[in-house]
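Q: Can you read through this structure? Questions will come right after.
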Amino acid sequence: MKKIVVIPGDGIGKEVMEAAMLILEKLDLPFEYSYYDAGDEALEKYGKALPDETLEACRKSDAVLFGAAGETAADVIVRLRRELGTFANVRPAKAIEGIECLYPGLDIVVVRENTECLYMGFEFGFGDVTEAIRVITREASERIARYAFELAKREGRKKVTALHKANVMKKTCGLFRDVCREVAKDYPEIQYNDYYIDAACMYLVMDPFRFDVIVTTNMFGDIVSDLAAGLVGGLGLAPSANVGERTAIFEPVHGAAFDIAGKGIANPTAMILTACMMLRHFGYVEEAKKVEEAVEKTIKEGKKTPDLGGNLKTMEFANEVASLLD
């Protein structure tokens, strides 16, 4: 029995989580769900955006399924990533038939190192001068590179591309690039190459089909994964996972969207696909495929939420997907 902590959070997080839970409960898998608070409402209610009770439950869980948070998002999700040691942020960018996008048929994955780089928060100010310390270690670089190659191997993908800026940041990016090249030697069946981050952004816009799995450092990965999402329809359709040695956090990329919260029109696609990533994580690959195919079939038939030009409400869309799982 897998213990899943469910955190709906703020805004549309509650609505899209309800949709995803409808799908998960329909599958009737050996999961034990427990609901906890985190986010803006939790801050107002408990004085903490991430209450101690929630954090403790997350530490004991096999996975966390997270909806969305508002202004306190960084206090919740960034801290959770750190506390749970989720070193890999996995962000697929896959075009869905029936949704207009720049590159139909595109299917790539961005694997982002989640624990170091400039996002460690080592920033200092001296009058009119500020500075930040960038930390890149061999251990974290090897761990994320190996994760990217193992993901490629597991999913039958053929290529891993590392992104860096070693021509300028010779020590930090140089170490990351060199470690990726070393790890690549252990996977001769998988193609490897690397690009400077600026050139890679150009290639992503002009010819994204040259990529398959992208692995990169924390800040570059944050930026490039949003770019990749834009190629296939935007952040509203993008799922993600934060994976550690012992547990994982699964969250849609979109935020709380307070402007549409409570109207019942939020698109739950990203949240449902995020739940599918959790299913795959636990080895329920066929179940995940079944849900993904149901989502794609629903959208292809023109049954969409308003943001995609349709007229279905959040739970109406979820029910359409669920009906295909019978």
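Yeah, the Cβs are placed from backbone N, Cα and C, and that goes for glycine too.
Per Swiss-Prot, the features are:
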- Arg81, Arg91, Arg112, Asp198: substrate binding site (BINDING)
- Tyr119: site 'Important for catalysis' (SITE)
- Lys165: site 'Important for catalysis' (SITE)
- Asp198, Asp222, Asp226: Mg(2+) binding site (BINDING)
- Gly255, Ala256, Ala257, Phe258, Asp259, Ile260, Ala261, Gly262, Lys263, Gly264, Ile265, Ala266, Asn267: NAD(+) binding site (BINDING)
Q: Select the closest residue to Asp222 (Mg(2+) binding site) from the following recorded positions, measuring between CA atoms: Arg112, Tyr119, Asp198, Asn267.
A: Arg112
Q: Using only C-alpha positions, which one of Arg81, Arg112, Lys165, Asp226 is spatially nearest Lys263 (NAD(+) binding site)? These are the recorded positions in the record.
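A: Closest candidate to Lys263 (NAD(+) binding site), judged by Cα separation, is Asp226.
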Q: Can you tell which of Arg81, Lys263 has the least company, meaning the fewest other C-beta atoms within 10 angstroms of its C-beta, among these binding-site residues?
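A: Counting other Cβ atoms within 10 Å of each of the binding-site residues Arg81, Lys263 gives the minimum at Lys263.
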Q: Give the distance between the Cα atoms of Arg112 (substrate binding site) and Asp226 (Mg(2+) binding site), rounded to the nearest whole Å.
A: 12
Q: Relative to the mean position of the Cβ atoms of Asp198, Asp222, Asp226, the recorded Mg(2+) site, which additional same-chain residues have Cβ within 8 Å?
A: Ile197, Cys201, Met219, Phe220, Gly221, Ile223, Val224, Ser225, Leu227
Q: May I ask you to report the DSSP-based helix, strand or coil state of Gly255 (NAD(+) binding site)?
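A: Note: Gly255 (NAD(+) binding site) is coil by DSSP, not helix or strand.
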Q: Of the recorded positions Arg81, Arg91, Tyr119, Asp198, Asp226, which one has its Cα closest to the Cα of Ala257 (NAD(+) binding site)?
A: Asp226
Q: If you measure C-alpha to C-alpha, which of Lys165, Asp226, Asp259 (recorded positions) come within 10 angstroms of Arg91 (substrate binding site)?
A: Asp226
